Amino acid sequence: MEMLLRTKRITICLFFFVLSLAAAIEIPLSVAQLPTITEQSHTQVAYPFDEDFTIKCEARGNPQPTFNWTKDGKPFNLLSDPRIITFNNSGTFVIQNHGIITNFQGKYRCYASNALGTAMSEEIELIVPSVPKFPKEKIEPLDVEHGDSVILHCNPPKGIPPLHIYWMNIDLQHIPQDERVSMSLKGDLYFANVEENDSRSDYCCFAAFPRLRTIVQKMPMTLKVSRFKHANDSGSPNAAVTKANFIKERKPKLLIPPESAGSSSSVTVIKGGVLLLECIAEGLPTPHLSWVKVTGNLPKDKPVTENFGKILKIEQVSAADEGTYQCTASNPVGRAKHEFHVHVEEPPRWIKEPEGGVYSVGTNLVLLCEAIGNPEPTIQWKLNGMPIDSRTFRGRISAREISLTNLQLQDSAVYQCEASNKHGTILASANVNVLNIAPLILTSDGENYATVVGYSAFLHCEIFASPAADIRWTKDDSIEPLSALRYELNKNGTLEIKETKKEDSGSYACWAANSVGKRAITANLDIRDATKIVVTPKNPRVLKSHSILLKCQSEYDSHLKNSFKLSWRKDGDQLPVNSTQDSRIIMDMDTLFISTVTLEDQGVYTCVASTSLDSVAAESRLIVLDVPDPPEDLQLSEHQNRSVRLSWKAGASHNSPVNESIIEYEESQWEPGRWQELTRAPGNDTTALLTLAPYMNYQFRVVSVNAVGRSQPSKPSLRYATPPAAPDKNPENIRVEASEPNEMVMKWEPLKPTERNGPGLEYKVSWRQLGVETDWNEELVKKHSLTLRNTPTFVPYEIKVQAVNNLGAGPEPNVTTGYSGEDTPDAAPSGVSVDIVNSTLVKVFWFGIPRDRVRGHLSGYKVSWWKTKSMLDGKRHHPEKHFLTFVGDRNYGMIPGLEPFSEFRLTVLAYNSKGDGPESSPVVFETPEGVNETREVGPLSDISVANRSTLSWRLSGLSASTKYKFYVKACTAKGCGKPVTEEGLTMAQGSKGIGKISEAVNPTQKFHPIEALDPGTEYTVRLVTKNWVDNNSIFEDVIETRGRAYAGIYDGISTQGWFIGLMCAVALLTLMLLTVCFVRRNKGGKYSVKEKEDLNPDPEAQSIKDEIFGEYSDSDEKPLKGSLRSINGDIKATESADSLVDYGEGEHGMFNEDGSFIGAYSGSKEKGLVESTGSCSTATFPLYA
């Protein structure tokens, strides 16, 4: 420090301040100074219920001041009464409430003095109130006549204001007041004229003093009101009325102000106070009071009248309220007036107060003191509490100014300026301290400061000096003052370093010097890393009832670890810490979790990170999404017969804009209580023109839709009924149904209730026979069908149906053609012939029956055949009929599956929806012998499968396009069981696999999974009708499965235990099913030729049989031998030379509408038809039956 003091004076400083200590800091108590009053009492009331009363006066100064008091301008000795308690080094004293203390009432002033001067307090008034009491007196009753005016005087005792006066009876019921009876401001009760019901003996005046907690009551007063007296005391009704009876009705007379005050009076009011002007008048009838301002207009909204117009009240009086006011009391007899000249005055108030301070030797002093008031206040200067004698005062003195030049130490004093008028006195003091001392640095030496990067640092150097000191700062070992723009020296000597950096750390020195001496202190500054935070996620959007987790990530200086704190705020308000687990909002360290988010949770969430040096905040706005609030205020306008405009106010969208509004309606006539959608309005539209149907009683509601969902429906609108009208449309779907040949039933879809348009709905049905009748037959019906009887069989009719109601008919209906009832065909096909195709297949031809013999819609033809004998042994056979159905109008068909070298008979018949027609004459034909070829059979290879759980086996190294037969048998230690056989055909080289989907698809099904396909492979997908025999498809497309990269996520399923178990169970069930099928296929006797043909089939017949997708069996349920499959279980079909439509279907099969082949064959016995027994496989080829 000594080295710093020896450092040469720096001539160029960064900041050079001449500190005027009068405006800077307080004088340290270590420096000699004048007394200063720091605390004092003001007007004090000594309430009787208080134990003591304290009158305060505190002051500071050096030397310690002593205290003296005056009372009412005379010295007051605090030790003159033992009830006064004093305190050391204090002017405050306490008066104990013992005995009579009224002698303590007065105006006190406190003086604080030391060797340099004397300070004086303002006047302190102590009021010692007496307990208010009404005097005990005997009040004579008042006896008056009806119509007289009366005044009941209260004359309340004196007490501390405020004073409240009440007039009540002995039961504490208020005396009713009105224009006739009212109370004055002084508390007297005035009767403008009395009535008989005013008579009572308990008029009581109560005076309440709230500050004294006292209510006192005046003795009750009696008022007697009598009727008019007659001149004849005898009470004769003919007596004359006295003179008094004629003068009761009179013009108004003012009681307040009294007549003695004259026609005008003067009123003075204090500025800022309340002006109360009062006029009370007597008269009969009761006078009415009114107020005007003679000089100017009454200010608007400022004056009010009270007490039934008898008091004019103006609050916060200003100079503008000064002037002349007039009150007028009037009744039908006359009027009375009085003028009030209002003068606004005010107590003194300061314009300029004298300001003291610290002055150095040789400087000049000017003290100003200026006050205003009405009347003009007088100014008096005092020095140390005593009036200044201008003859001995070395300075200049005037009413508003004191000046001194070349101040010296002995000029230190307390100057007082006192301004007074009749409304009060105000006092202002100025301490003039003339000092000559070296700089005194009040800040401790070696203070350590710290701040964070980017913040400002404040290094304090509080100095007191007189004369003013020069201040400069240096850093580290440098003697040069700090000169960068980031450094700023404040008036109090504090150095501010703006936007601090790490390199600002170091040691700093503050230098202060004046003409008396110099001082210096050092300070150390550390710069820490700033705290950083970020809240994630930023501005999240959350659905209502969902949860959100906000995380506050922070970084802070390691030195500040102990003071680091995190807190959360919502919309600026601190979130209370709640660590309970069942709380919906949980704060845990740096996270804020909100479960079941509500709309009230929406807002700005702020994470505040604070250390001892800095505080930073990061925000995240939580946006809660929800369905819109229901629309409101539904209004109907633009009323038309078939339309109305609906308008509404959209509810809150909850941060997701409304996409559309759904307008629903409910009608009370047909479907009450059922709401249906009518239309939709796009976007934020809040109005829609609604198209309505006639004869409906509507009410509407609106549902708003945003991305979150639908709002609750709005409240329904008012009902709106549309007038009836004729129908706008006719029934649809007109059709003819008949169950009898000579009958026609016309049916149609009835109109919906919303399509009726009016009451009395009926249907006008018109019909005529096509090409025969020209006039229409008509009939009105209420139901939606009409039956005609005795119609010709199957003839065309023109039909039309029109809707009709009480207001008219609908539009002209369309004509529909329908047919009357059908009957079975009455003719058989002719020209039946048979062409032999091979030993098992023939082609049948016939001539169709004429259209008029069909007697209905031709459904098709049935071909029946039966075997009569075998050409091999000449043995006759019992006839077993078989038949095939050929749908549509055709004249040929193919009959497959015949036994070779046999004789057959065949008939053909036509059929329609009513049934079969007569059969044609039987045609006899014979099938040729079959070809018996031997096919080379390869060697039998054995494969042993030791694992009993293995249910499949993959064979490799087989020849392409080769037919194989497989035998599977189960073996135990005792031997092997009966084998199960299956045949299959390998694919040609280079050909792609054909996937087979054996599952049937429900006709209504719109999708079906295709499973177990190889990835990265091209497949042809074909949709066909069940049991088709050709390759025609409803749908066909080529697809390619994804590669292994796409299937990776599914690979893990094959390793799951449950999946392996499920597959094993399926395989076991499949093996059991194959075993049962094998047993059933081998039941019964075998036909030797057929067995040979199974192994060596006829090539010609084989090409045809390969195209038959289905089964054939006779009535003996002989087994089908063998099946042809590819290795992968798919059918290897070959092309046929015959058209597939040549083949018919069995009894339970039908051609579909486009003539495609559907179904399977079935046989017939004498007593009925028996359905054929199906094979286990849906893709079996019958080699021979």
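Cβ atoms are placed via backbone N, Cα and C, with glycine included.
Per TrEMBL, domain 'Ig-like' is recorded for 35-125 (among others).
Helix, strand and coil residue tallies for the domain 'Ig-like' (129-222), in that order: 6 helix, 35 strand, 53 coil [DSSP]. TrEMBL lists 129-222 (among others) with the feature domain 'Ig-like'.
If you average pLDDT over the domain 'Ig-like' (252-345) in this model, you get 91. The annotation domain 'Ig-like' is assigned in TrEMBL to 252-345 (among others).
For 348-433 (among others), the entry in TrEMBL reads domain 'Ig-like'.
Annotation source TrEMBL lists domain 'Ig-like' at 439-526 (among others).
According to TrEMBL, the feature domain 'Ig-like' maps to 531-623 (among others). The domain 'Ig-like' (531-623): residue composition by secondary structure is 9 helix, 49 strand, 35 coil, according to DSSP.
Per DSSP, the domain 'Fibronectin type-III' (630-725) is made up of 0 helix, 48 strand, 48 coil. As annotated by TrEMBL, domain 'Fibronectin type-III' applies to 630-725 (among others).
Sequence annotations record features per position, and here TrEMBL assigns domain 'Fibronectin type-III' to 730-823 (among others).
Feature annotation from TrEMBL assigns domain 'Fibronectin type-III' to 828-930 (among others).
Within the same chain, residues 627-632, 634-636, 639, 641-642, 644, 646, 648, 651, 662, 664, 666, 668, 675, 692-704, 748-751, 755-759, 761, 763, 784, 801-811, 813-814 sit at least 6 positions outside the region 'Disordered' (710-731) and bring their C-beta atoms closer than 8 Å to a C-beta of that stretch. The region 'Disordered' annotation in TrEMBL covers 710-731.
Annotated signal peptide per TrEMBL: 1-24, in sequence order.
According to TrEMBL, the feature transmembrane segment maps to 1058-1079.
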Legend entry - Per-state residue totals over the domain 'Ig-like' (35-125) - DSSP helix, strand, coil: 6 helix, 49 strand, 36 coil
